[in-house]
Ligand code: G4P
Ligand code: NA
Ligand code: NA
């Protein structure tokens, strides 16, 4: 998506070898106009799939996910993160290991908000190692819901998440694909 690539070039900052800081429009300060456009793009890409629900993980997935859900006219659910977990019969849970932070979080969705047979679209801000998406996949499976695909705002093609999701047969659509960071500059794929 041209608009997003331009915004990344303009406002993104490369940190080290593998991190893109986008706290100016996505991860801290949020640009609602841009989020609405990203949401619309996701909706167009997945509209034919007859989505019943959009699922993301707090916090940074929420903004693009809610705009996708608005455009698709369905509810958006965000999995909550917890460090420690009291297992409850009322929740679906999955472990998500963060390579960036070297810690495991649990993500949790109340069983009331994900039902058997629902067609679910996953949304997330970044696809890096794919752990967040994999955790959401586990929750969708536990709910006997149907995963129709994953919409990603920024994919880093050089990390292992995309391959993981491709192997699992997931329909992935990324609005910006970053092939590498070179001398502090973003190199887009294709
Ligand atoms: P994964 O979800 O693909 O496995 O990625 P990883 O464990 O590496 O990511 C851990 C956290 O770092 C996630 O946010 C993820 O969105 C974020 N992240 C990964 N790569 C980048 C990057 O290049 N730039 C930025 N800004 N974030 C990145 P989180 O901890 O769940 O936090 P949040 O959603 O509350 O922001
Ligand atoms: Na995230
Ligand atoms: Na993040």
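Backbone N, Cα and C atoms are what each Cβ position is placed from, and that goes for glycine too.
In TrEMBL this protein carries:
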{"type": "BINDING", "residues": "20, 27, 156", "note": "xanthine binding site"}
{"type": "DOMAIN", "residues": "33-156", "note": "domain 'Phosphoribosyltransferase'"}
{"type": "BINDING", "residues": "128, 129, 130, 131, 132", "note": "5-phospho-alpha-D-ribose 1-diphosphate binding site"}
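The 10 Å shell around the Cβ of residue 128 (5-phospho-alpha-D-ribose 1-diphosphate binding site) contains 23 further Cβ atoms across the protein chains shown. Remark: of the binding-site residues 27, 129, 131, the most isolated position is 27 (fewest other Cβ atoms within 10 Å of its Cβ). Other C-beta atoms found within 10 angstroms of the C-beta of residue 156 (xanthine binding site) number 24, with every protein chain shown included.
When Cβ neighbours within 10 Å are tallied across all protein chains shown, the highest count among the binding-site residues 20, 132 belongs to 132.
Counting only residues at least six positions away in the same chain, the Cβ atoms of 159, 160, 161, 162, 164, 165 sit under 8 Å from the Cβ of residue 130 (5-phospho-alpha-D-ribose 1-diphosphate binding site). Each of 12, 19, 21, 22, 125, 126, 128, 154, 178 belongs to the same chain as 20, 27, 156, is absent from that list, and has a C-beta within 8 angstroms of the C-beta centroid marking the xanthine site. DSSP classifies residue 156 (xanthine binding site) as strand under the three-state reduction.
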